[in-house]
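**Q** Supplied in structure tokens, the structure appears directly below.
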Amino acid sequence: MKALSKLKAEEGIWMTDVPVPELGHNDLLIKIRKTAICGTDVHIYNWDEWSQKTIPVPMVVGHEYVGEVVGIGQEVKGFKIGDRVSGEGHITCGHCRNCRGGRTHLCRNTIGVGVNRPGCFAEYLVIPAFNAFKIPDNISDDLASIFDPFGNAVHTALSFDLVGEDVLVSGAGPIGIMAAAVAKHVGARNVVITDVNEYRLELARKMGITRAVNVAKENLNDVMAELGMTEGFDVGLEMSGAPPAFRTMLDTMNHGGRIAMLGIPPSDMSIDWTKVIFKGLFIKGIYGREMFETWYKMAALIQSGLDLSPIITHRFSIDDFQKGFDAMCSGQSGKVILSWD
């Protein structure tokens, strides 16, 4: 089968011919329809320091997808041939304390699809049936293919009660924009998103965010005054991994504010901890999606009218995969979809 693989320990990704993965007793064989390029895939493409430490070569990469079930393991129940599915990209052990306690998203032995085991940038993918999620009929293939990053956004945004709250989102990447859209959809009062990339900020404006702020040109305190905010943000969603953005968030949070952090800093990050202490801030780290509560909420949000379509900006055939990676690497894109049909 055709597959996009990290074939060499250098920048790039290559179209390869690899065997169709073998189906285990508890697995599903999925024929891939569409995949989306993640920021993680860009790290792997660029072969940065994290990738060099993490990715075995050769490796079929990718973990954002939608497809249909074409093979079912002997022990699998609840699925049938032809089911349209996406899937949780974190394969958990099932044996650690968190897994046995129902907190599988906190499994300390997590294996990543397309990172530690063969991924979805291929004609076929095998995953445990436990990890598959059936896609409702009224959700398109394009939207289903970005459920993985959408899940990061939903998990982050819905960590706290947002109804009537003022929310600051730092980082207008696709996940940050989707998190801001979720916050607005579920009843936040003001949702402000910050970045220095004007293309991405314009995408956020198309999604109906209260204010998209280029912090290289505007002062966040002025924006808060313009919105009639007198006490600071109630909830912060840190999606950028940029230390200056997090420090600004700490400066502008209200006392008793709550922060969910998904963005990963490039290295050790120093902050003024007295602001955390004296403001009584609550900080929560976010990794992946809750299995599978986040997935059900994702589907329900779209079915209840949340429109994510503006976040998908580029679509290519898999034969034009290089154009897709070029678009992602440029910073002038939202989500990029690759079609395998």
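The backbone N, Cα and C atoms fix where each Cβ goes, and this holds for glycine too.
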**Q** ILE175, ILE209, ILE302: which one does Swiss-Prot list with ASP195, ARG200, LEU262, GLY263, ILE264, ILE286, TYR287 for the NAD(+) site?
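**A** For the NAD(+) site that includes ASP195, ARG200, LEU262, GLY263, ILE264, ILE286, TYR287, Swiss-Prot also lists ILE175.
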**Q** Let me know which member of CYS107, CYS120 Swiss-Prot also records as binding Zn(2+) 2 at the site of CYS93, CYS96, CYS99.
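**A** When Swiss-Prot describes the Zn(2+) 2 site, the candidate it includes is CYS107.
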**Q** Quick check on the annotation: Swiss-Prot has HIS63, GLU64 binding Zn(2+) 1, so which of CYS38, CYS329 does it put in that site too?
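**A** When Swiss-Prot describes the Zn(2+) 1 site, the candidate it includes is CYS38.
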**Q** Looking at the recorded positions THR40, GLY263, TYR287, which has the shortest Cα distance to CYS107 (Zn(2+) 2 binding site)?
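**A** Considering only the listed recorded positions, the nearest one is TYR287.
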**Q** Output the one of CYS38, ILE175, LEU262, ILE286 that, of all these binding-site residues, has the highest number of other Cβ atoms within 10 Å of its Cβ.
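**A** The residue with the densest Cβ neighbourhood is ILE175.
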**Q** May I have the list of same-chain residues other than CYS38, HIS63, GLU64 whose Cβ is within 8 Å of the Cβ centroid of the recorded Zn(2+) 1 site, in sequence order?
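**A** Result: THR35, ALA36, ILE37, THR40, ASP41, GLY62, TYR65, GLY89, GLY114, GLY119, CYS120, ASP148, PRO149.
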**Q** Name, in the order they occur in the sequence, the residues of the same chain whose CB lies under 8 A from the CB of ASP195 (NAD(+) binding site) and which sit 6 or more residues away.
**A** SER170, GLY171, ALA172, GLY173, GLY176, LEU201, ALA204, ALA212, VAL213, ASN214, VAL215, SER240
**Q** Quick check: in three-state DSSP terms, what is THR40 (active site, charge relay system)?
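**A** The three-state answer is helix.
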